[in-house]
Amino acid sequence: MNKILLIIQREYLSRVKKKSFIIMTFLTPLIIAGFYGLIIYFSIKGIADKSDKIAVINENKTLTEKLVSNKNLTFIYKDDSFEHLKKNLSESGFDYILYLPDFNIDTPKGIQLIGTKQAGLSLDGKISDAIEDLIRDYKLKKSGISQEDLDHLKSTVSIDVKKINDTGKEENSSAGASTVIGFIAGVLMFMFIMLYGVQVMRGVIEEKTSRIIEVIISSVKPFQLMMGKIIGIAMVGLTQFLLWIILTISISTLAVSLFIDKEDVKSIAASSSQVSAVSPASQAQITAMNSGPMGDVQKSLEGLDFGKIITVFIFYFLGGYLFYSALYAAIGSAVDSETETQQFMMPVMMPLLLSYALSLSVVNNDPYGPLAFWLSMIPFTSPIAMVVRLPYGVPTWELILSMGILIVGFVGTVWFASRIYRVGILMYGKKASFKEMVKWFWYKG
Amino acid sequence: MLIVKNIVKQYSNHRALDDVSLEVEKGKIFGLLGPNGAGKTSLIRIITQITAPDSGEVIFNGEKLNSNHISQIGYLPEERGLYKKMEIGEQVLYLSKLKGLSTSEATKRIKYWFEKLDMGSWWNKKVEDLSKGMQQKVQFVATVLHNPELIILDEPFSGFDPVNADLIKNEILELNKQGTTFIFSTHRMESVEELCDNIALIDKSKKVLDGAVEDIKASYRNNTYVIEYSGAADFESNWMFDILNTEILKEGKSVKFKLKDAYTVNDVLGTMLPKVKINHLAEVIPSMNDIFIESVKK
């Protein structure tokens, strides 16, 4: 046991002390926080500043009601001629000219939008919406509906999605936030398993090619060496993960207080203080802020149990990592250099890629369906599938069953891999094949 | 101290060791010889508990070999290396802690050995900055550092220049004088003759020869002598001996001859002495190299 600890210590320290580790660990949160700050900055400043000034030339006799300016669009009616204004557009201070000819109200044709720059799709849509509204209002009024009734007709709808949890309590939830958080957790899980699994494989290959393996193996059992390496690297992964969370929070908090005026901070600080407990969550917020009103995201984030999500994430990271890294160790032991790993990597990568792809499509669309259920049970796919499903809420018994299967799964792969590993590490210069590896598996002693 | 009894090791398509038995006495240097692929490394890996035999057993100091013996055995494999990115001192410390030494004890001993072998300034160097010979020295230190009772060296001199090879050879002899037993696997027969007390020769998975070096050499004597003389007389094969080879020297001749049964070298000298001046007479004792080649060819 003491020897495993020594190995874990070496594997851990030799990696944590590396320059690349230190740079990665400190740079990544800075980049995340940078994006975070930038997006918040632009989403607040940008919306306020960006208002297109549009000169409207109305030659239409029926459409006398004026287009109403809003936050993004400022309509100014001009009596100038279209041709004259067109010529002097760049000096006039307007971004666009909207030309409304005297068209038939039932077939609105010949409307033109001319600017010094190409109008974007969203601007086009917004203006045609505004004109359509104007025409509709005109028609409604003509059929005898008063302005008061008209105003009364307009309403803004926002659905408050709730879900009853296991204990019968209502929780706020939103498919949007769950998708985003599940997506980020899935991507992170995939990244972590790949990144650190490959590190295990590289470590094994390094020991083999540097020929230190036989020296060490005369002091410790191959199984101890393999497990020491796997556990040591897992701790490197956890260290990096925790540092990322802590650094992201502190840098984000700093960035937020630097970038944004007091007014704006109120709303953001309220949400960030409670979601920034985890970096995926703060990323979720960023993404969500782009797609929907902030209030909604904030409310639905409140409904998510981040403590549980993080705990489960760490469990599945460790479980999934152990499951796969043992296989990576077996591959590393069978080859003489990294270039030879290709043919063995495929079968190990496939289930991981598959669960990644399926989780983000099928599982997200139907988080309670049979495919989602089975993907989150099979240990090859459960680490990713389960964390993607988790924000939607997973019944406790399913979670426990899946965790149990994963534990049995990694004990199985570790055992399987160690039998190949103990033979593989002592084979030099032999091209390994799957057939060969099966033979090794059955070797005695 | 080490008894290997009827070891059999079977890999899927070939038998690496076929009923091999041998005994290594305490305080001796034991040569384990054999051509490439004969099964030496397989046997060493069983003694170092890297693999287990299919049948047969290994007795270490009267006990069946078990994991407690790992710290009493030092092993320098033929395929050896070090972590490239790790500092030398740290690395040797790690390896000796894996053998069960405490940090303080290991540090003390590393300093002692580094001083002794002119490696005093190497502690903070990285392996990639050392030459191959320098790395070999580090590996040798790592092998002997935990004061094992039995040290197994597989081709210990490969990669050394003559000066360092001599340095290491003297360390081996000194440790041996203090009571350390060695198993020494090599192809270099001159170092076998120089160092080994006993040998075993393994060929095609079987032990073909073992015993004390002197005894083996004696048993391979075949009554062949070389005589150098000056004088006019010539000798031809006769009833006492067959001449194998004649060389003309600056002064006189050198003749290699093989005695026939029932005659001694004195009989030959008796017939020659009256005719010529004898300058030199020696029995031709086969070298380990000859014995090795002859045994393997059989």
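Quick reminder: no glycine exception, Cβ is built from N, Cα and C everywhere.
Curation plays no part in TrEMBL annotations; they are all automatic predictions.
Among the features that TrEMBL reports, domain 'ABC-2 type transporter transmembrane' is placed at A:19-418.
The transmembrane segment annotation in TrEMBL covers A:21-44 (among others).
Residues or ranges marked as transmembrane segment by TrEMBL: A:180-200 (among others).
Taken from TrEMBL, the feature transmembrane segment covers A:241-260 (among others).
Under the heading transmembrane segment, TrEMBL lists A:309-331 (among others). Sequence-distant contacts of the transmembrane segment (A:309-331) (same chain, six or more residues past either end, CB-CB distance under 8 Å): 181, 185, 188-189, 192-193, 196-198, 200-201, 204, 226, 229-230, 233-234, 237-238, 241, 277-278, 341, 344-345, 348, 352, 379-380, 382-384, 386-387, 390-391, 399, 403, 406-407, 409-410, 413-414, 416-418, 420-421, 424, 437.
Long-range contacts of the transmembrane segment (A:343-364) within the same chain: residues 179, 182-183, 186-187, 190, 193-194, 197, 324, 327-328, 331, 334-335, 371-372, 375-376, 380-385, 388-389, 434, each at least 6 residues beyond the stretch ends and with a Cβ under 8 Å from a Cβ of the stretch. Feature annotation from TrEMBL assigns transmembrane segment to A:343-364 (among others).
For A:371-393 (among others), the entry in TrEMBL reads transmembrane segment.
Sequence-distant contacts of the transmembrane segment (A:399-421), counting only residues of its own chain at least 6 positions beyond either end whose CB sits under 8 Å from a CB of the stretch, comprise 204, 222-223, 226-227, 230, 312, 315-316, 319-320, 322-324, 326-327, 329-330, 333-334, 376-380, 382-383, 386, 437, 440-441, 443. The transmembrane segment annotation in TrEMBL covers A:399-421 (among others).
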Report, as numbers and ranges, every residue of the chain located at least six residues beyond the transmembrane segment (A:371-393) whose Cβ falls under 8 Å of a Cβ in that stretch; write 'none' if there are none.
-> 163, 165, 171, 173, 175, 177-179, 181-183, 185-186, 189-190, 193, 304, 308-309, 312-313, 316-317, 319-321, 323, 351-352, 354-356, 358-360, 362-364, 399, 401-402, 405-406, 408-410
